[in-house]
């Protein structure tokens with residue numbers, strides 16, 4: 001230890017923790033000072049490199065839209081098609097690894113040391129897990145994805161020159177309504193169940209373990225300490241952290257752009273507010289402004305409060321749809337879809353020798369890359385709020401329970417929409433564009449005006465929490481793992497994110513080409529996650545050894 | 001006049017707090033009060049300590065050293081903040097209540113830590129705490 005207090009003759013405590021001994025002191029590479037009244041405390045060079053390269057990339061997509069669009073879409077299809085087996089195989093490993101942690105004695109290791117107590121109650125913790133992890137996705141795909149898989153499964157297999165041209169999962173279920181519903185729901189749950197949450201759990205666990213138990217800074221590079229040793233404090237680590245900032249900021253900015261599209265579609269449907277870039281820019285500005293207030297209020301007063309409000313609202317909406325929809329059909333469906341998920345899981349997660357290439361590459365591989373590119377952000381946020389839990393409790397709560405909630409959500413929203421088609425012949429949701437499917441489904445239920453409004457509020461607030469927690473995470477990474485950096489830095493990232501989203505939204509094809517690029521970052525991060533599994537295993541081994 | 005003086009300390013910038021520390025010790029001597037040094041930390045590792053337990057130990061050492069050096073009765077009190085950037089003042093306000101302090105002596109103008117720098121922080125403590133608050137400029 002070479003920090004200031006140690007220099008003043010305060011000795012190291014004895015036997016308080018099994019920390020990793022390293023010469024690195026948190027904040028040693030930081031530059032602090034102030035610009036006018038605004039203080040800053042930033043990591044040199046991660047802050048500058050990530051900031052400048054983000055600006056450079058935005059300029060590139062704006063200055064050469066066609067060229068950049070072509071480059072990114074080539075990259076995207078090369079990654080999701082060429083490495084589909086790799087994504088599927090790796091995601092299976094993450095799930096098995098997490099399940100392994102639950103059943104082995106490693107599960108009893110407590111994050112933060114044997115005496116640590118949990119910082120948050122279960123309700124607050126769950127609310128934040130969902131708000132950061134996939135709240136917005138559930139709003140987007142809750143109706144549309146089950147519907148897509150159901151429709152394509154009904155359509156059956158189509159072959160052309162020996163290759164399948166249909167998008168149905170596995171062997172489809174041509175004309176068989178019940179089988180198509182089961183297959184469609186199983187495929188949807190597969191994309192929102194164990195696998196994505198295992199991806200988040202691995203990253204979160206690695207960061208929590210190496211920060212709370214091993215005393216390394218709360219930043220992505222720390223999980224690589226077992227592999228690179230002290231080199232993680234140099235350029236190796238700078239590159240890892242910069243990549244994480246990059247994926248987080250662009251991931252958030254593109255989602256913010258697409259979210260504005262859905263919210264404005266909803267507002268148009270509900271109040272006739274004109275569609276177009278003006279409405280979307282106003283929406284992004286408003287979301288960023290609310291996020292700023294939340295940022296200034298901090299973790300407990302901002303993100304946590306908003307997450308809890310949103311979880312309450314989402315629960316009410318879920319209950320409403322369940323009760324006014326065909327309740328018994330959905331409830332028996334829930335059990336049936338869960339069984340279908342278990343039944344089809346081996347086939348759906350099989351990485352090689354598949355014939356349903358469109359589904360496997362266009363859906364599964366895309367999703368896995370997308371979850372993985374989000375994992376530095378979500379994982380780090382989950383780590384931030386999970387101190388004091390045991391590894392077993394952590395994995396059960398981050399993997400199993402959210403998966404079950406997703407099954408319930410998809411069963412209700414997707415189930416109702418499919419039943420509307422099957423039982424009532426109401427096809428408005430089936431025929432609507434992606435961003436409108438949710439509202440069209442609600443339209444056929446009572447009190448559609450109110451529930452649609454709640455839907456829009458949910459979309460907006462989920463974006464606020466994402467934007468806010470994203471700023472928190474980026475700020476921590478670019479401050480070298482310091483979580484007490486001055487508040488203007490978070491404000492900066494929050495505004496920067498909104499600005500990037502607006503610029504990309506106004507450019508032609510800017511959003512979608514950058515989304516392709518973000519998803520492409522999933523490939524290197526998959527390698528990163530595999531390495532993390534090994535690092536977690538080693539870290540837990542040493543914790544167990546010291547407990548004996 | 002005063003029985004228990006609370007002094008929030010930033011263990012990363014002790015050298016910049018000399019005025020406040022001296023002032024608190026003098027007042028303690030004058031009124032025969034005891035001093036409680038309050039240190040706030042987050043759960044995540046910081047420049048000061050790798051773990052909250054290590055932080056607590058360092059704070060205890062610090063309080064002991066102050067007691068010996070200045071000839072006062074000194075205690076230590078660690079508080080945890082989830083997000084020190086934004087909830088430090090609330091955390092400190094809780095500490096005022098918890099240790100039942102009747103005077104808070106705070107340093108201001110410690111560079112790099114906005115919460116100590118901005119008068120609004122001392123201002124918030126002064127505005128909300130039941131105790132008297134003395135903000136000592138560097």
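Cβ atoms here come from the backbone N, Cα and C positions, even for glycine.
Cross-referencing A:167-185, A:262-280, A:281-299 with TrEMBL places the feature transmembrane segment at A:281-299. Between the stretches A:46-65, A:146-165, A:466-485, TrEMBL puts its transmembrane segment entry on A:46-65.
Note on TrEMBL: of A:395-418, A:419-442, the range annotated with the feature transmembrane segment is A:395-418. Note on the transmembrane segment (A:311-335): residues 123, 126-127, 130-131, 135, 138, 181, 185, 407-409, 411-413, 415-416, 419, 423, 442, 445-447, 451, 454-455, 457-458, 461 of its chain, located 6 or more positions outside it, place their CB under 8 angstroms from a CB of the stretch. The transmembrane segment (A:444-464) makes no contact with the transmembrane segment (A:46-65), as judged by fewer than three Cβ pairs under 8 Å among residues 6 or more apart in sequence. For the transmembrane segment (A:46-65), the neighbouring stretch richest in Cβ pairs under 8 Å, chosen from A:365-383, A:491-511, A:517-537, is A:491-511. When each of A:232-261, A:365-383, A:395-418 is scored by its Cβ pairs under 8 Å to the transmembrane segment (A:517-537), the top-ranked stretch turns out to be A:365-383. At the 8 Å Cβ cutoff, the transmembrane segment (A:232-261) and the transmembrane segment (A:395-418) share fewer than 3 close pairs (sequence separation 6 or more) and do not count as touching.
Using a Cβ-Cβ cut-off under 8 Å and counting only residues 6 or more beyond its ends in the same chain, the transmembrane segment (A:491-511) has close neighbours at 51, 54, 58, 61-62, 65, 69, 249-250, 252-254, 256-258, 260, 277, 280-281, 284-285, 287-288, 291-292, 295-296, 467-468, 470-471, 474-475, 478. Taking Cβ pairs closer than 8 Å, the transmembrane segment (A:365-383) reaches residues 79-81, 83-84, 87-88, 90-91, 128-129, 132-133, 191, 195-196, 199-208, 211, 218-220, 243-244, 247-248, 251-252, 398, 469-470, 472-474, 476-477, 518-523, 525-526, 529 in its own chain, all 6 or more past its ends. With a cut-off of 8 Å between Cβ atoms, the residues of this chain six or more beyond the transmembrane segment (A:395-418) that come close are 95, 98-99, 101-102, 107, 122, 125-126, 129-130, 133-134, 138, 142-143, 145-147, 150, 181, 184-185, 188-189, 192-194, 197-198, 200-201, 204-205, 318, 321-322, 325-326, 329-330, 333-334, 337-338, 341, 382, 386, 389, 429-430, 437-438, 441, 445.
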